[in-house]
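Novice: Questions regarding the structure given below will be posed in turn.
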């Protein structure tokens, strides 16, 4: 998905619609001309800076995911451990899904943005593009959350029950699990095609999502509850699994005898650190959208959103912009939290600390002969 950008808009009256007869057209032109002369009407126009921000955001996401895919492919080719192979398969699928989810919806959002967006009167309508864009946002939103949950569960089993993990988890079963994740997310995204919920254009008319702010029906609320519930449940399961894995590795580290060396544990620590990074990124980026969608649809369905409608529109736009950053940050979590990178950072920090210690040591009292000792030497 692509970060939504700002428009030059005002709280002016809406453009009147022209009728089929010539008299209606003349009245519409007169009305628009009069309002334009009075300065009360500003058409939605994309700003140059906004277009640049959108393009830069999309470019950054594409480059980040391509770099991560290259590193993962290189790591997979040099692989010698089976449990690491399963993790790399999940990680590669996650980055690839983020890449596709950044390009396809991003291109549609950019097209809508450059065309000036959809008129506010058409926000509740849903054409083919809106259906596809809304479905893409739901699909590419749930897939990373489901994959993060599956990766955390797989690592939790590998850390706590390594023998059971080696007998249960294989490449074939991992691929089946990934296929099931994609299929489940696709089924949820296609529910509006069966009248189970609906997609609609969202303010400022450059993106589509589940109908949450106006004219919501029972099916819309059920759809949002399902989407937000699945997303929040995935984050909760990932949190529990990563906590168990982390505590298990910490206890194993404390019980380890001095001088012993366990390369397998270091691999497990690396994978769990990366999973924690992915989980934290997903929580920060996706929790606002999942929670605000749930709050908005409940208030809209009960009819209590009218007085705070503008605030909820702003919250939804901010939340979806934050969610788009998940697809940019996910690959950098893997790129930066690798053992080689962390080892270099550790060595640099250790070197800097050693240099500071040397400088401080020059000024320690013990590094200078005391005056009493100097006097004795003179005698």
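Backbone N, Cα and C define each Cβ position, glycine as well.
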Novice: Give the range, chosen from 8-31, 272-295, that TrEMBL lists as transmembrane segment.
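Specialist: Of the candidate stretches, TrEMBL labels 272-295 as transmembrane segment.
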Novice: Looking at the candidate ranges 51-75, 351-375, report the one that TrEMBL labels transmembrane segment.
Specialist: 51-75
Novice: Go through 51-75, 87-112, 132-153, 174-201, 221-251 and flag the stretch with the largest number of C-beta pairs under 8 Å relative to the transmembrane segment (315-337).
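Specialist: By the under-8 Å Cβ criterion, the transmembrane segment (315-337) pairs most with 51-75.
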